[in-house]
Structures are given as structure tokens and as C-alpha cells.
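Peer 1: Sharing a structure here in C-alpha cells format.
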Amino acid sequence: MAFRLKLCPEKTNIDFFWAAPVTFGFSVFLMAASLVAWLTLGLNFGIDFRGGTTIRTESTQAVDVAAYRAALEGQDLGDISITEVFDPGFRADQHVAMVRIGAQDATQSITPEQIGQVEEALKTVDPSITFPSVESVGPKVSGELIRSAILAVAAACAGIAVYIWLRFEWQFALGSVAALIHDVLVTIGVFALFQIKFDLTTVAALLTVLGYSINDTVVVFDRLRENLVKYKTMPLRDVMNLSVNETLSRTIMTLMTTLIALVSLLVFGGDVIRGFVFAITFGVVIGTYSSVYMAKNIVLYLGVDRGGPKKDSKAGTQFANIDA
């Protein structure tokens with residue numbers, strides 16, 4: 001006998017749309033508040049978007065990220081990111097790290113003298129350390145990365161809209177895109193409010209959130225489309241409630257299993273990936289909310305064409321009066 005785990009009873013009848021104006025208004029408020037936080041507080045851009053210097057280190061000793069960071073704390077260099085690099089092609093005694101130092105103003109990166117101070121500070125931790133390369137990213141390149149990131153998110157939303165439009169109807173596409181914009185904007189608003197570092201990994205997290213959110217939305221939309229055919233005389237609101245209730249167990253299980261992995265990474269993953277994991281963790285939660293209370297509310301307000309093709313009353317009677 002197959003064992004199926006169900007978090008909800010077979011028949012649930014939760015009215016998700018009893019306060020549709022309130023939930024929709026709350027979603028709009030979240031978007032507006034996030035936009036205000038973004039425009040007034042700004043984002044705490046990382047080195048990728050602000051510019052800076054990257055120093056590659058190599059040593060025969062194991063990389064001690066904590067010791068490297070402690071040695072550089074007294075240099076007054078601002079934003080510093082240290083990550084160990086792993087590659088199957090490295091020798092057994094080849095240990096590589098990347099030290100990224102953010103630009104301290106909008107016009108230039110750190111000076112050669114400061115780079116020398118960084119190298120000397122790291123040599124006090126590991127005398128065998130070497131510095132094969134030093135690369136700097138200027139504000140112009142950082143600005144291009146910002147534009148590319150915006151284009152990537154916009155292209156993802158546009159592609160998803162076209163897909164939903166072709167598979168369902170334009171009302172579904174509009175609801176889906178509104179939910180995606182809601183998810184991205186609210187997540188960015190949280191980053192602005194708490195001044196969490198925003199870099200290229202955060203953009204990757206936002207794209208991941210878009211994929212998760214649209215997957216959750218499409219599952220309910222697909223069930224809604226089936227039920228619209230099955231229950232042709234049932235009011236649209238009741239059909240939508242039925243569809244959300246029928247997929248509720250799947251939605252909760254997907255969310256919980258995803259959060260188990262993400263919370264573990266958030267707690268034990270360390271500082272390097274914390275911003276990335278936080279963006280996904282918050283995004284999947286807000287995405288689950290928006291898939292019901294943003295996307296479905298818009299479809300409910302716009303309505304759905306349930307008439308289908310009209311039958312021809314003369315069909316099949318063309319030859320009724322012809323004598324045999």
C-alpha cells in the first residue's frame with residue numbers, strides 16, 4: 001500500500017478571498033513601502049556594483065578566512081569580502097583565496113600603497129602567501145553590471161508573461177507578472193530597509209525567487225483551468241477557492257521542505273552566502289503569499305472568459321429537408 005503524506009485534509013474549504021480587497025490593498029502597500037525604502041535609503045551595494053579591488057592569494061598552507069579578516073580589520077579599508085576558491089585542478093598544496101575590497105568613493109579604488117599594506121598584513125598571518133594577481137573594477141563597469149542585472153530581471157518577467165499568456169489567458173499573465181514584480185520589489189525593499197549587502201549573488205537569488213514563485217502560481221492556475229471546465233456554472237470566486245484548496249497540501253509541503261534547507265544554510269552557511277540565502281528564504285515566503293493574494297486576486301477582478309466557442313444552431317440540419 002502506497003503511503004502518501006498529506007498536511008491538509010482531503011476536503012478543505014478555506015475561503016482565501018473573503019477579504020480580497022484587504023489582502024490586495026496590503027500587497028499594494030508593501031510594494032509602495034518597499035519602493036519608498038529603495039528610493040530613500042538606497043541599497044547597500046557590494047563590490048560588484050560599487051567597484052573595488054580583487055586580490056588573488058595563493059599559499060601552501062590552508063586558507064584561514066577568519067585570520068585573514070582579523071588581520072585586515074585595522075587597515076580601515078571599508079567593505080572587505082574574503083572567499084576561499086576550490087578547483088579540482090589545484091595541487092594538493094595549492095590553497096587559493098580571493099580578497100575583495102570595495103571602493104571607498106565613487107571615483108577610484110584603493111591605492112597601490114593600500115594594496116601593499118593589505119599584502120603585508122596577510123603575510124603576518126601566512127609568510128608563504130603570494131599574490132598572483134590584483135584586479136580593479138571601476139564605477140563605469142559597476143554601472144554596466146547594474147544595468148545588466150535590471151535587464152536580466154526584466155527579461156525574466158517578460159519571458160514568463162509571454163509563456164503564461166500562451167498557455168492560459170492574458171488575465172493569468174497579468175496576474176502572474178504583478179505577483180513577480182511584487183516579490184522582487186518587496187525583497188529589494190527589505191534589503192534597503194535593513195541595509196543588507198546587495199551584489200550579483202543577490203540578483204541570482206532574485207531570479208531564483210522568480211522561478212519558484214511562478215512555479216507555485218502555475219500549479220494553481222493549471223488546477224483552476226481544469227476546474228473552470230469541470231464546473232462551468234460555479235461562480236469564478238468559488239472555483240478559485242476550490243483550486244487553491246485542492247493544491248494547498250502541495251503548496252505547504254513545497255514551502256516547508258524548501259525552508260528546511262534554506263534555514264539550515266542561513267544559520268550554518270556563514271557570512272559569504274548569507275545575503276544570497278536570505279534573499280531566497282524571504283522570497284519564497286513572499287512568493288507563496290503573492291501567488292494567492294496577488295496573482296489570483298487580479299484574475300478574480302479581471303474575470304475569465306468561460307463562454308468558449310458558441311455552438312452553431314444550424315449545425316447538422318443542412319440536409320434535413322432533402323428527400324431521400
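In case you wondered, yes, glycine gets a Cβ from its N, Cα and C as well.
Reproduced below are the annotations present in Swiss-Prot:
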type: TRANSMEM; residues: 16-36; note: transmembrane segment
type: TRANSMEM; residues: 145-165; note: transmembrane segment
type: TRANSMEM; residues: 174-194; note: transmembrane segment
type: TRANSMEM; residues: 201-221; note: transmembrane segment
type: TRANSMEM; residues: 247-269; note: transmembrane segment
type: TRANSMEM; residues: 276-295; note: transmembrane segment
Peer 1: Can you work out which residues elsewhere in the same chain, 6+ from the ends of the transmembrane segment (276-295), have a Cβ less than 8 Å from its Cβ atoms?
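Peer 2: Those are 16, 23-24, 26-27, 172, 175-176, 178-179, 182-183, 186-187, 190-191, 196, 201-202, 204-206, 208-209, 212-213, 216-217, 220-221, 244, 251, 255, 258-259, 262-263, 265-266, 269, in sequence order.
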Peer 1: Of the listed stretches (16-36, 145-165, 174-194, 247-269), which one yields the highest count of Cβ-Cβ distances below 8 Å with the transmembrane segment (201-221)?
Peer 2: 174-194
Peer 1: Is the transmembrane segment (174-194) packed against any residues at least 6 beyond its ends, judged by a Cβ distance under 8 Å, and which are they?
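Peer 2: Sequence-distant neighbours of the transmembrane segment (174-194): 27, 30-31, 33-35, 37-38, 41-44, 153, 156-157, 160-161, 164, 202, 206, 209-210, 213-214, 217-218, 221, 275, 279, 282-283, 286-287, 290-291, 294-299, 302.
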